[in-house]
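*Asks:* The following feature annotations were taken from Swiss-Prot:
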ACT_SITE  Cys381  active site, nucleophile
ACT_SITE  His507  active site
ACT_SITE  Glu509  active site
BINDING   Ser13, Asp148, Ile149, Glu150, Lys188, Thr189, Lys190, Pro191, Thr192, Gln193, Lys224  CTP binding site
BINDING   Ser13, Lys188, Thr189, Lys190, Pro191, Thr192, Gln193, Lys224  UTP binding site
BINDING   Ser14, Val15, Gly16, Lys17, Gly18, Ile19, Asp71  ATP binding site
BINDING   Tyr54, Gly354, Leu382, Gly383, Met384, Gln385, Glu405, Arg462  L-glutamine binding site
BINDING   Asp71, Glu141  Mg(2+) binding site
DOMAIN    292-534  domain 'Glutamine amidotransferase type-1'
REGION    1-267  region 'Amidoligase domain'
Amino acid sequence: MTKYIFVTGGVASSVGKGITVASLGRLLKSRGISVSIQKLDPYINVDPGTMSPYQHGEVFVTEDGAETDLDLGHYERFIDENLSRVNNITTGQIYSSVIQKERRGDFLGGTIQVIPHITNEIKSRVALVAKNTNADVVIVEIGGTVGDIESLPFLEAIRQMKKDVGRDNVMYIHVTLLPYLQASGELKTKPTQHSIAELRRVGISPAVVLCRSDLPVDDDMREKIALFADLPNEAVVALPTVDSIYEVPLVLEEAGLGDLIIERLALAAQPVQLDEWRSLVARIKQPKRHTTVAIVGKYVELRDAYMSVAESVRHAGWAQDIQVDIKWVSSEELEVADPVTMLGDVQGIIVPGGFGYRGVEGKIRAVRYARENKIPFLGLCLGMQCATIEFARFALNAPDANSTEFNPNTKLPVIDFMPDQLDISDKGGTMRLGVYPCILAPDTKAAKAYGRELALERHRHRFEFNNKYRKAMEAAGFVISGHSPDGRLVEIVELRDHPWFVASQFHPEFKSRPNNPHPLFRDFVQAALEQIAE
């Protein structure tokens, strides 16, 4: 029978609950236990697909085309498993489903209430993960903090799960913050005590309390929290801030949390195998070489908007004992600034995805700088479209070249709406989403990177390369190195006369893993390092 671990948060949001959950998954998987992880988001949006990156950060796309919370990216990277749309549930999805059932008459005229109808729907979504994956353990993160009004139905649902599946099959873990008061020079436990009391008020008693802090937590403080929480001292685990998020599984393992979970849930575990993870952390801490690459985007003030891109760059570096320093460059500032001033000190340039015209001309200037100065370049989604526009404007001498996203009346639409997107009015969940096959052209940089003829990559876009201009572009040195199986959709482009210039319509960053970097990022970082040697 599947066991469940429910992870709640207290005192403050953004304390690293998602990383903690992902790390728990890694600890269990390192013991031969199959794991799946689910995120319950209390917001009323159906999904984050139409939310501003400034409010939500990155939208992470799963293999089956779900637009999900960025924490799912952490989950996939830590447990090295592909997740699906059932792994991210929102209040919007829950209420939409219940209302649809009521309209169909599924409730036989009954009065629809939060309890039992909403809570039953939540529980059914949690159970669906276990059914679909047959995992030994499903770890469920409840978004937000205890005390948030939006979270109450989710807390009630996970409280009921203990009765539904048996108390021996459920474990509650509470992640809380120990704030530091500079005036008194100490960490304070009172907010954590109140958070635990609030959790108990809704009928949940945590079996483990994880204490996040920027400073070490001494034994006396842990004992104080354990006394208040009615827990053994070893069930209060200190989780201080570390240099790399990939250290967290090792910190938790050293604290004995892995064994504690195994004992509490009576899991049949193999001896722990974390040697590969320890080797990863050692490479992170002791790089042999360094290089700097720029990420040019319009959301660089909130780096969470490019979470998977940044992580993929780092993965590629660590695999080659390289520390990749990221220079964040505002594409809006680059529209008016000298590119040499902003990009002259980097060995590689990435233009990631995005939507809307704001900052696009700055991205195009970054592409031009990379092309003309032979700087390694990687374009992602919109970055590929910007590379297409730049080449048409400045290599083909077609200054009017543009995308119909930015200028619907452009005379040279080298990027245009996909035909099946023309009649779509709803914005949410209607793009070309999820994994699609890509045929790689032989003797290209893309084919060399992948080492095979077929790639399966995740997409999130409405616009595509306009094949009307394909022959003219190719004649000038623009290489179509990847396309859909029917040959109609351009998936990867590169330049013939450039050391390393590759751009993809898909999002390779969603498939990179810390111990298995994506081949396009790997070769991009290698090309950037070679710039230093030159």
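Heads up, the Cβ atoms here are built off N, Cα and C, so glycines get one too.
For each listed feature, how buried is it and what is near it?
*Replies:* Annotation for Cys381 (active site, nucleophile): spatial neighbours Pro352, Gly353, Gly354, His459, Arg460, His461, Ser504, Gln505, Phe506, His507, criterion Cβ-Cβ under 8 Å with sequence separation of six or more. According to DSSP, Cys381 (active site, nucleophile) is assigned to coil rather than to any helix or strand.
His507 (active site) falls within neither a helix nor a strand when secondary structure is assigned with DSSP, and so counts as coil.
Around Glu509 (active site), a 10 Å sphere centred on its CB holds 30 further CB atoms from the protein chains shown.
In the three-state DSSP reading, Thr192 (CTP binding site) counts as helix.
The Cβ of Lys190 (CTP binding site) has no same-chain neighbour under 8 Å that is 6 or more residues away in sequence.
Classification of Val15 (ATP binding site) by DSSP places it in coil, neither helical nor stranded.
There are 11 other CB atoms within 10 A of the CB of Tyr54 (L-glutamine binding site), with all protein chains counted.
Classification of Asp71 (ATP binding site) by DSSP places it within a helix.
Looking just at the domain 'Glutamine amidotransferase type-1' (292-534), the mean pLDDT is 93.
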*Asks:* Check each residue in the chain of Thr192 (CTP binding site) that is at least six apart in sequence and keep those whose C-beta is under 8 Å from its C-beta; list them in sequence order.
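*Replies:* When sequence neighbours closer than 6 are ignored, Thr192 (CTP binding site) has Gly10, Val11, Thr176, Leu177, Leu178, Val209, Cys211, Ile225 within Cβ distance under 8 Å.
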*Asks:* Which has the fewest other CB atoms in a 10 Å radius around its CB: Val15, Ile19, Ile149, Leu382, the listed binding-site residues?
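*Replies:* Ranked by other Cβ atoms within 10 Å, the binding-site residues Val15, Ile19, Ile149, Leu382 bottom out at Ile149.
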*Asks:* For Gly383 (L-glutamine binding site), which of the recorded positions Ser13, Lys17, Glu509 has the nearest Cα in space?
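*Replies:* Of the recorded positions Ser13, Lys17, Glu509, Glu509 has its Cα closest to that of Gly383 (L-glutamine binding site).
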*Asks:* Rank aside, I only need the closest one: which of the binding-site residues Val15, Ile19, Tyr54, Asp71 has its C-alpha nearest to that of Pro191 (UTP binding site)?
*Replies:* Val15
*Asks:* Taking 10 A as the limit, how many CB atoms besides its own sit near the CB of Gly16 (ATP binding site)?
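*Replies:* Step by step: centre on the Cβ of Gly16 (ATP binding site), count other Cβ atoms within 10 Å, giving 20.
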*Asks:* Within 10 Å of the Cβ of His507 (active site), how many other Cβ atoms can you find? Include all protein chains, please.
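*Replies:* That number is 23.
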*Asks:* Inside 8 A of the center formed by the CB atoms of Ser14, Val15, Gly16, Lys17, Gly18, Ile19, Asp71, which other residues of the chain have their CB, for the recorded ATP site?
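*Replies:* Same chain, not in Ser14, Val15, Gly16, Lys17, Gly18, Ile19, Asp71, Cβ within 8 Å: Gly9, Thr20, Val21, Val175.
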